[in-house]
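A.B. asks: According to Swiss-Prot, the transmembrane segment annotation covers 16-36, 46-66, 84-104, 143-163, 180-200, 219-239, 300-320, 332-352, on the basis of sequence analysis.
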Amino acid sequence: MATQRASGLLQRLAQGSLVKQILVGLVLGILLAWISKPAAEAVGLLGTLFVGALKAVAPVLVLMLVMASIANHQHGQKTNIRPILFLYLLGTFSAALAAVVFSFAFPSTLHLSSSAQDIVPPSGIVEVLRGLLMSMVSNPIDALLNANYIGILVWAVGLGFALRHGNETTKNLVNDMSNAVTFMVKLVIRFAPVGIFGLVSSTLATTGFSTLWGYAHLLVVLIGCMLLVALVVNPLLVFWKIRRNPYPLVFACLRESGVYAFFTRSSAANIPVNMALCEKLNLDRDTYSVSIPLGATINMAGAAITITVLTLAAVHTLGVPVDLPTALLLSVVASLCACGASGVAGGSLLLIPLACNMFGIPNDIAMQVVAVGFIIGVLQDSCETALNSSTDVLFTAAACQAEDERLANNALRS
């Protein structure tokens, strides 16, 4: 009897709402950090294991899914990568533009006294682009080991096209391997409530939020701008694409992708979550198996906001005059930098000196701005990743649904 009850409880847990279970894990994590700091730090291992498992499975998932998708692609079957890529770039530029408007409407100032040492930012936008190109010709084993998604995509696409000329049994084997990896991903995702419990507990216990109060205004501007993009700008772009109420799709992506990304703080770790959501939304597998890992690499609206807001905060602090053309140029530079953020160790923060260079701000001061970014990183990085990752699914879904509707309308006319 006891065994039956235990198995029944496990079955209910396995089949229950994952979002509700995550909320329970979140509340329990906050309570544990409040009750016992040492215990909260100890259970941080659960969060580390969860994020590690996601990061471990994500590169293999991308390689197998893209390879299987291209190898089994039927001649004449259309994918929607081009419109999704356009949405990615337009969304990133719109986010940078919104950040410029926000920064001028609510100017922030910084206390530039600390220094960031042992950090070497890229010397220019050319170096960022060069880094991306070098990532494309990486050794496949090295790309898998270091989670270099540009390199993984290049090898997966190349092998996929090569396997189109292979035997059907070979294609079936690749497809079966892809399904096996997908099963492993679903298994890892079921442990999300436990992982988030550990992440929340350890974060609150080790960092707390007392150090953030000194940068409250800057955080309000940053997070407010990200909310504006998530709840106004992105829905407008989606409405332009699907011509109906975008908010059910927007909230679904924020709830089922953004929540995970907020706590894992890793676009790469969130790739399996986004893949699972795309499958749940019944999107075209040939499309999302390419667009999701591509989005994790170049769709960086949150990074564009971070670069723009922190750069203009430094500009306002130093009293550097900024005219409209320069502000627009900053939006373009921030967008280009953001698209290369995944190829730079330290991400968006280490690309701030590039943007600061536009205004003649010395590198030592720019690195102090980077140091401020690391201080507020607990919230800034979480919100940035949540926006970046949820937007990957949102734009993929919008493009796929728009294409499905177009095909349905054409069928009705004929």
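Each residue, glycine too, has its Cβ placed from N, Cα and C.
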A.B. asks: Counting only pairs 6 or more apart in sequence, are there at least 3 Cβ pairs under 8 Å between the transmembrane segment (219-239) and the transmembrane segment (84-104)?
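C.D. replies: In contact, yes.
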A.B. asks: Let me check one thing: do the transmembrane segment (16-36) and the transmembrane segment (84-104) come into contact, meaning three or more Cβ pairs under 8 Å with sequence separation of at least 6?
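C.D. replies: These two stretches do not touch.
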A.B. asks: Restricting to CB pairs under 8 Å, which listed stretch, 46-66, 84-104, 143-163, 180-200, is in contact most with the transmembrane segment (300-320)?
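C.D. replies: Top-ranked stretch among 46-66, 84-104, 143-163, 180-200: 84-104.
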